[in-house]
Amino acid sequence: MEFLAYGAFFLTTALIFSLITLGLNLQWGLTGLFNVGLAGFVAIGAYTSAILTTPDDAARIGGFDLPILLGWLAAMIVAGAVAAVIGAATLRLRSDYLAITTFGVAVVVQLVALNAQGLTGGPFGVGFIPRPFGSLAENPIVFNFANLAIVAVVTLVFFLALEHLARSPWGRVLKALREDEKAAASLGKSARAYRIQAFALGGAIMGLAGAVQAHFIGFIAPENYLPTLTFQVWTMLIVGGSGSNRGAVLGSVLVWAIWVGSGAAVSALVPTDQQARAAALQIVSIGVMLCVILLVRPMGILGGTPKRKAPAEPAAGRP
Amino acid sequence: MNMQFLVDGLLTGSMIGLGAIGVTLTYSILRFSNFSHGDLMAWGTYATLMFVGAITALFGKVAPIAPLSFGWPLLLALALGMLFTGGLALLLDKILFQRLRAKGQMIIVVMASFGASMALRSLLEFLFTSSPAYFSRAIQIAKPIGFGIRITPDQIALLLLTAALVTAVHLLMTRSQIGREMRAVSQNIGLARVVGIDVARVVRFTWLIGGALACVAGVMIGVLVQIRPLMGFDMLLPVFAAAILGGIGSIPGAVLGGLIIGLSEAAAVQIFGAEWRAAIAFVILMAVLFVRPIGLFGVGER
């Protein structure tokens, strides 16, 4: 029974990662936009929803006690809006500028989360985030499965929507822009406008994932949104195969299983005083894995279909 | 306003500027933004720390040079550390970046540099743990030099070292054959090849110079603040912002950009408090991207 409850818990976390990875796949896999600060967008969603839905708290602004669904909607809107502004600033420039700027977003969001205590609770974070089935919490199995069901439904809805989008005229324009910007532009498609839309939508999905996770755990703090998160999600997408939504989901579950498994092995086998070092080594091995996959099989497990080409910069980055 | 921010800003600006030279060189010659550059700084610093330890073990405790907190061992170790970091950058290029560059997808190289950054940083945490280390625990007395400004002998020495290095790199780029070749490759790699420039040699030099300067920037942080595995990664945003503010490819621009960001940070610390320091680089970066994306001394994209 405990095993079942844990399985549900594991799968819920993995599916939340899948949702982030789906957002990243829209930005990177479909459109070729490089987001190195996705932890920032996840954090924006999580904090937005937490501030709107928690009960009143004298120590900080917010605590509006709004319904959870409203919090999730707001998380999407705020994270999407931030992504749109970032996109508007950088998407007319070389792709590296977007990478550097998103990196900056993550740094600044982290800074705000840590220091704007009146808004975010500072290093102690926000607690008492309402959980969708809080009343079921006495029975862990029912509770975990109820959570799993919600997260699975949300992920499935976005998976199907993204699959549909990728095949729609809108998605075809994005692919065309990724493969050959000049040809697409000559057909009257505004590269910048389409990219900003895709980047904003991807950011919104990441924000939603952050919010869902916040309500699933019930507590958020700045250290949940460190660059390690960005790195994990990137590895998930690359392992699964960028460009493929199924790959994004599969890669998330697989990498999360490896992560959790190696983490459990570390805490079981390594003496307590050495565990921080072993955890560092765990990140080293994942980083090496990412680089090796990029070298050996850059299209990932499910991304290797011959008709899909790698997202390439036209003529090695020189427009 | 307390004028002390000028000294603090110049020092931070020197560290940022030295890092930005490496970023701007890799960007203009190899055409990708190297997210592992900050971690080269940290590796260079730890390498220098190890070399200092080795020298002390060989020659016993050496007395520091009169007013400074460090003696010749640190200078020798710094030279060795610069070589080591340049070599590390070359190695990274050889096993990772070069192969991905050959496939012609520059953004994949950026991603690989992100993965390499994570691995390098965590490897430092594994080897040295995340608790800070120091070159010297001696406390220096800051001497007043007028206008309410105080400065320590170490700080003067490091500012002079930065000025000397920046001048040397500038002369190298403008007066020497390899410098001319580097500029030629950054302007048009195909044409450079046609006129017989050995591009592989230019790439090697780029990594060596970038790595060596990253090491100096890291050691400056180590001498003036402390040594941590995250020290370089935390500098990455200001370093990128400085390179873009100065204009990609411009070495004077990178240094000037570094100084502007360093001084703005120091001024902001007085106004908003130290906890918001890291946001300044982002604000400047966004302003540059909206107003003048090619930067101060940049030229249009080619």
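In case you wondered, yes, glycine gets a Cβ from its N, Cα and C as well.
What TrEMBL lists as transmembrane segment is A:6-26, A:33-52, A:72-91, A:98-121, A:141-162, A:198-219, A:248-270, A:276-296.
When the stretches A:33-52, A:72-91, A:248-270 are ranked by Cβ pairs under 8 Å to the transmembrane segment (A:276-296), first place goes to A:248-270. Tallying C-beta pairs under 8 angstroms between the transmembrane segment (A:33-52) and each of A:141-162, A:198-219, A:248-270 places A:198-219 first.
Highest Cβ contact count with the transmembrane segment (A:141-162) among the listed stretches A:6-26, A:72-91, A:248-270 falls to A:6-26 (criterion: pairs under 8 Å). Here the transmembrane segment (A:72-91) does not lie next to the transmembrane segment (A:248-270) in space: the count of CB pairs under 8 Å, restricted to residues six or more apart, is fewer than 3.
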